[in-house]
Structures are given as C-alpha cells and as structure tokens.
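The structure appears below as structure tokens.
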Amino acid sequence: MKRTPHLLAIQSHVVFGHAGNSAAVFPMQRVGVNVWPLNTVQFSNHTQYGQWAGEVLAPAQIPALVEGISNIGELGNCDAVLSGYLGSAEQGRAILAGVARIKAVNPKALYLCDPVMGHAEKGCIVPAEVSEFLLEEAVAKADILCPNQLELDSFCGRRAESLEDCVGMARGLLERGPRIVLVKHLNYPGRADDAFEMLLVTGEESWHLRRPLLAFPRQPVGVGDLTSGLFMARLLLGDSDVQAFEFAAAAVHEVLLETQACASYELQLVRAQDRIAHPRVRFEAQRLLY
C-alpha cells in the first residue's frame, strides 16, 4: 500500500468561513494528504469583514507543539511544512526553528512559504515586522515560495513591468534560496483583462498559465491559501512541478465556479469537494522561452 504523505500546515484559522488553514486543510485532505494543522491565529472570521474576535498564538507554543509531536515519535513522518499568515515576526522565527527541527529528522522534508503580506486590491494586511521577516529571513529557508504580485514586487523592491520581467524577478528569488517560485496571481502592465494569470519558475524552466477571470461583487478570501495548499499536496502525491501547478489552477477554478454560482463571499469548499479531488476543467501551462 502506498504511503500517505503528512504535512504540517502552520497558518491562520477562522471559526466562520475559509481563510488560511480553514481554506487549505480540507482540500489537502480531500486530495489524499494527512494534514497536521497548527493555527497561528484563531479569529472568528477573516479580517476583510472589518471586525473580528480572537487571538494570536504565543510564539513559544509553536516549537512546543512541534516537540510534542517529536515526543510521540511522529516528527520524522512529516514530509512538508507549509506556512502562511503570521501574527508576528517572532512567530515566523519560531516556524523556521520548527522547520529546522523537522529537517533534522527528515532531510527530505520540504518547506513551502506563502509569504502573506497583502493583495493588490487590499493593500498590506500584516505588520511591518512580519513583512521584514518574510523579505529578509524566510525566503532563504524556503524550498518553495508562493507570493502574489504585490509580494513579488516587495521581495524585489520594485514593480514588474511585463511578464518577462516577472520571470526575471522570480529567478532572482531563486538565487536567494527557494528552488521553486509560484506566483499565484500576476498583475503586470499589459496583461489580459479577462484572464487570471499565474507563473511557475524553477531553476530550469518557467511556465505561464491563464484561466478565466470570474467576476465577484467582493473577491473571496482564501484563494491564495487554497492554491498553495493544493500545489504542495499534489507535489507530495508525486506530481511534477508543472502537473501540480496545473492541478491547483483547475481545482481552484472549480471552487470559484461553485462559489460564484452560490453568490457567496466565502469559498464553497464542501459543495465543490468532488471537483477539488477530480477537476472537470483543465488548464495547460505554457512553457516560456525566457
């Protein structure tokens, strides 16, 4: 029997709705990965509602929880760590310590960093210290980095001017540590208005993917968390980088189609669960020559 992969997911949790682990855990489980959720914050709802209740996890709890898993002999079974929204830079450093602890017992374990700083339509949504931590410390430790356009621009200290420029900026990030950069949402001058564009860059290749841009009165939150989670899950299940890229794009589109059909502000993960596991649509990534 083929072994089921295990992934430690360290990011936010909301009681109502879908963001952070609340957007990523169930879909990753649905495609066949055992997920260990470690919630950096527990909020009543995501912050784009404008009000919320809850609290941030004390940074010291992160290594304590990782050590607790070690104490029962399971830490070596962790195949990957995924981190997302951080409540503080101190939390981020605790996560890096946890990643190092896991890699010490399983050198093949991967670390995917979703460097949540902001969104083009929402601006910066984390404290300055968190952005500084991501820009200066996390990038060097990540095997896979999954920024959006705003975050890619922040890493490089300037705005991208074209698709080719985005590729060059992603290649610059590869020189700082990661082996894969997945730009979850491209937003550069001259891009198509009716398409949602994504980019995958490795040391050898670059791939561009377009899918239809769906209209919403308010853009659902958690799409990036869902994308990063599904990409990591499919890699653990044996997909190539490009296969995982294409699968994540298709599965996310299926969720958005269901969300749009329900006229919902929250991602409709449960209603779309069968199409997450087996997307009916397929988007083919195009290899770029630069």
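Each residue, glycine too, has its Cβ placed from N, Cα and C.
For T47 (substrate binding site), the same-chain residues lying six or more positions away in sequence with a CB closer than 8 A to its CB are I125. Residues or ranges marked as substrate binding site in Swiss-Prot (evidence: sequence analysis): S12, T47, Q48, D225.
Under the heading ATP binding site, Swiss-Prot lists D114, E151, K184, R211, P212, L213, L214. P212 (ATP binding site): 13 other CB atoms within 10 A of its CB, across all protein chains.
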Among D114, E151, D225, the one of these binding-site residues whose Cβ has the fewest neighbouring Cβ atoms within 10 Å: E151
Those residues of the chain, 6+ apart, with a Cβ under 8 Å from that of K184 (ATP binding site): C146, P147, N148, M198, V223, G224, T227, S228
Residue among binding-site residues S12, Q48 with least C-beta crowding, 10 angstrom cut-off: Q48
